[in-house]
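These features come from TrEMBL:
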- A:9-30: transmembrane segment (TRANSMEM)
- A:36-55: transmembrane segment (TRANSMEM)
- A:62-85: transmembrane segment (TRANSMEM)
- A:123-147: transmembrane segment (TRANSMEM)
- A:124-317: domain 'ABC transmembrane type-1' (DOMAIN)
- A:159-180: transmembrane segment (TRANSMEM)
- A:192-215: transmembrane segment (TRANSMEM)
- A:240-261: transmembrane segment (TRANSMEM)
- A:296-317: transmembrane segment (TRANSMEM)
Amino acid sequence: MSPRRKSRVVWSLAAIAIGLIFAGAGLWLIDRPDLWLWLITGTVFVLTGAVGLAIGDNAPQISWASIVGAELIVLYTLTPVVYLVSLSLKGGNADVNQGGFLPHDPGFTNYETVFEFSLFQHALFNSFGISIISTSISVVLATFAAYAVARLRFRGKKLVLSVALAIAMFPVVALVGPLFDMWRAIGIYDTWIGLIIPYLSFTLPMSIWVLSAFFREIPWEMEQAAEVDGATAWQAFRKVIVPLAAPGVFTAAIITFFFAWNDFVFGISLSSTERSIPVPASLAFFTGASQFDQPIAAIAAASVVVTIPIFVIVLLFQRKIVSGLTSGAVKG
Amino acid sequence: MAQAMTDTEAPPGVPATAPPPVRNRRRRPAPYLLLVPALATLLLGLGYPLVRQVAMSFQEFGLAQQFGTADPGWIGFDNYVEILSDPTTWAVIARSVVFCFAAASLTLVIGMGVALLMRSISTVARLILQVSMLAAWATPLIASLTVWNWLFDTRYGVVNWLLVKIGFEGMEGYSWLANPWTFFLVAGVIVVWMSVPFVAFSLYAALTQVPEETLEAAQLDGASRTQRFRHIIVPTIRPVLSIVMLLQIVWDLRVFAQIKYLQGAGGTVSETNLLGTYLYQLGIAQSEYGVASAVAMVMLLLTLGLTFGYVRSLLREERAS
């Protein structure tokens, strides 16, 4: 064991010990109102130690400052997420109003409330349907267009790309009004298709940009090389090109799905009833158990329910997303 | 879907032995056929609204015209003159630009930091960092607004509670949203929180392309960490850096939902309007459709002006490749 490594291990173990002491003290003095602060401090120390232990020896340049920086970032990104879950588990108005980070009277009542709310059930169904349909159509259309932009030479290519970019820049709010009027006039207000079309319009430009950058990087000659080696044309395409193109297509799909699933502005303006209202817009209609109840805990529970599918998708395909961005984002 | 693509354009039976330009001479309509579905969808969803926006910005268009009791008259640039001679508009523009640059640069700095970190830490630590980034990214807009607003709540907010606990007694019952400065602080914290993951992942992806050998060689030659960053890392990831910057400026300039939500939760509308909410207030709340359209056009021009440099360099790259 090199001296450098030895000192790192010693310091890491010390950090873990200090962290455990903090957390232990916090838990031991459980009636202290600032228990939360003690636990966080303890966690930061333990994590610092753990990161110190986990660091590979081939990454010697990492400093303690950057480890603490990383932890602060994790704290910044995760605190709201954890708090959302905590809020959703709080039991009733009294618990919410008591303040504090953790629920005093934890339970699943909010989730029951949410699922008894029939608008929410419809909204879940609508959101899934609309997002999946938008994503599929958008990816197919963007693939066609991006293939043309990336591989073929034709007049007006720059125009197509500039227009796509300008559309991506246009303020979304400004288009809601005219769309509302138009959808009313042709009778697709408050329908799935009435939401799918705007979602497609706003995600296509972005998808075309991402995908065309991606397709440009694919070594298309490999297809011919495979055919020279005796593969049929279909095999060459299937075994060589599809695996190379998949991550890019996947990234575009994720971006589109996120947009459709998260959209609030169109949802609230172009739909009004359970026929087509998506989840984010439906949250605006939440009310508490009584008129004076704040629906905050119920909204938190609904938000958790909405976040779970995205989170699962993202976790499952984490590596693919990162690799898709890797190859798509870097040109030449 | 990728399969369908080839079926239409490049039938696998035709081995593409010739370089692309030659091949295209043979089948000229193909590129346009491939573009048609996407363009048709864009036209369907955006064609009419865009044309109408542009037209309305030159028209007298209010509630009366909306209900058809009066004809919209063409009034030339009157709407533009009206908004541009109104000091409110300039205040909103100034606020938006400052907010946009503050949020975008903060996002980029943090995102860059995270990306560099992800590169240098061990797999386990990186995984933790990535998962927490993904959690922030995956949280739906409305959910994160709810929770952030509640974190900064005047009476029950965790932030005030914590500040009081660690000794800032004056923060008891502090209303973050009532004061425009802290309003934008909160808005900035939320906007940055939502944008960092995308930036961090894109930049991390770009960083994986930086040649390790070059960095080592530079280090052996005595280049400092800053020098290596400036002269090796930044040039390599420049394409990604500029597209991410461009997107961030575009998104932060037209930020709407976050501001609207926070205004509803206790901000003073007149002091906290950014372009997006200003447009909404004029168009939807006051039914001044013509004026609102003019604001939208000004906003588009402003966006184009701010991003002109990036757009030009992006298109130049396009030509080069």
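Backbone N, Cα and C define each Cβ position, glycine as well.
Under the criterion of 3 or more C-beta pairs below 8 Å, with sequence separation of 6 or more, the transmembrane segment (A:296-317) and the transmembrane segment (A:62-85) qualify as touching. Same-chain residues lying 6 or more positions outside the transmembrane segment (A:123-147) and placing a CB less than 8 Å from one of its CB atoms are 160, 192, 195-196, 199-200, 203-204, 207-208, 210-212, 214-215, 249, 252-253, 256-257, 260-261, 271, 274-282, 305-306, 309. The stretches the transmembrane segment (A:159-180) and the transmembrane segment (A:62-85) do not meet in space: the count of Cβ pairs below 8 angstroms, excluding pairs fewer than 6 apart in sequence, stays at fewer than three. Same-chain residues lying 6 or more positions outside the transmembrane segment (A:192-215) and placing a CB less than 8 Å from one of its CB atoms are 126, 129-131, 133-134, 137-139, 141-143, 145-147, 149-151, 161, 164-165, 167-168, 172, 175, 179, 183, 245, 247-249, 251-252, 255-256, 259-260, 263, 266-267, 270-271, 276, 278, 324, 327-329, 331.
Residues 40, 44, 47-48, 51-52, 55, 101, 300, 303-304, 307 of the same chain, all 6+ positions outside the transmembrane segment (A:62-85), place their C-beta atoms under 8 angstroms from a C-beta of that stretch.
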